[in-house]
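Student: Take this structure, written in structure tokens, and hold onto it; I'll ask about it next.
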Amino acid sequence: MATYTCITCRVAFRDAEMQRAHYKTDWHRYNLRRKVANMAPVTAEGFQERVRAQRAVAEEESKGTATYCTVCSKKFATFNAYENHLKSRRHVELEKKAVQAVSRQVEMMNEKNLEKGLGVDSVNKDAMNAAIQQAIKAQPSTSPKKAPFMPTDESRRVAGAVRRGTPERDPTEKPPRLQWFEQQAKKLAKQQWEESEEEGEEDDEDWEDIDSDDGLECENPGVEEEDAEDAEAEESPPLGAIPITDCLFCSHHSSSLVKNVAHMTKVHSFFIPDIEYLSDLKGLIKYLGEKVGVGKICLWCNEKGKSFYSTEAVQAHMNDKSHCKLFTDGDAALEFADFYDFRSSYPDYKEGQDPAEIEDLSSEKILECDDETMELILPSDLEYFD
């Protein structure tokens, strides 16, 4: 009959099932550690004696901590003496000082969190007090009988809330960056639809008479009021947008837009690319204020990198990473095309020329044909030879 053994514990089993069960016991794991340390294995009886001795020590330590004052670093023989000590004036004064010391540490943590963009207004006061009490109990002491502080799940959650300075965020909530990009996509689709509607109305003007126009105006008296309300809604800045007189990268406020741009250039090394062709400075800074304040988006990272959930956090990121600049490489420059006018860089541009005149050039001017030679003549008066 086959014999099943454990070389580490030096025991034998009558079947494989008992052997597999033995491999899962604490006794076998204990002997494995002793084997790694080049020590002889212990028997099952010896292991049980060690376990009982360890439990007795743990119980003794737990009794010691039950009558030990962590604030005053004193041990008491009985619970009555311990209870009387908790009511003494000296203990109350020391506990108050300990609370003040821990409170200062919490305030310092909150100041650091503010620098990182995490607020403290939403912290529950009860949660903060509970975390302070837990921190007082966890303070190190000189007593050899004091057992180490083991925080519970509740204390970890409370202390984490105090350190972060913000409540736990819903994991299903969309990041502000994604919400902002979706809003921009909707605005672009609406703008394209309105432009197509305007083009269709212009094409239909030749087929409509004055009477029909008057009839439409009478049938829809509230259209103009609705358009006015939509215009007012578009003019009002969205919630959280940074004003054009506030810095995009810190809390500095300027008295004018020009001074604000000068501050960002001097303090944060911010510069506007191709500024000689910039036609709408106010619109550009307003757009960037919405991008940073509403979308919580880094001007350099854009859709790449980590998501931010507060304006202070994305501002701290841009300052720390030197991202106080616009990303305009490749197709990314098209994002700011509405704020620029590059017509002055065209070789055939004439100062004061209406851009509509350039777009409305007739096809006869673009392509002409010589009646005698049947050659195409380009707008620059150059002949085309096949």
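Each Cβ is built from the backbone N, Cα and C atoms, and glycine gets one as well.
Below are the features listed in Swiss-Prot for this protein:
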| type | residues | note |
| --- | --- | --- |
| MOD_RES | Ala2 | N-acetylalanine |
| ZN_FING | 4-28 | zinc finger |
| ZN_FING | 67-91 | zinc finger |
| REGION | 135-237 | region 'Disordered' |
| COMPBIAS | 165-176 | compositional bias 'Basic and acidic residues' |
| COMPBIAS | 194-235 | compositional bias 'Acidic residues' |
| MOD_RES | Ser269 | phosphoserine |
Student: The zinc finger (4-28): which same-chain residues, six or more beyond its ends, come within Cβ distance under 8 Å?
Tutor: 35, 41-42, 44, 47, 51
Student: Under a three-state reading of DSSP, tell me whether the residue listed as 'phosphoserine' is helix, strand or coil.
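Tutor: The residue in question, the residue listed as 'phosphoserine', is coil (DSSP, three-state).
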Student: Tally of helix, strand and coil residues over the zinc finger (4-28) according to DSSP?
Tutor: 11 helix, 6 strand, 8 coil
Student: With DSSP, how much of the zinc finger (67-91) is helix, how much strand and how much coil, in residues?
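Tutor: Helix, strand and coil residues of the zinc finger (67-91) number 11 helix, 4 strand, 10 coil.
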Student: Any same-chain residues 6+ apart from Ser269 (phosphoserine) with CB under 8 Å of its CB? Would you list them in sequence order, or say none?
Tutor: Ser322, Cys324, Lys325
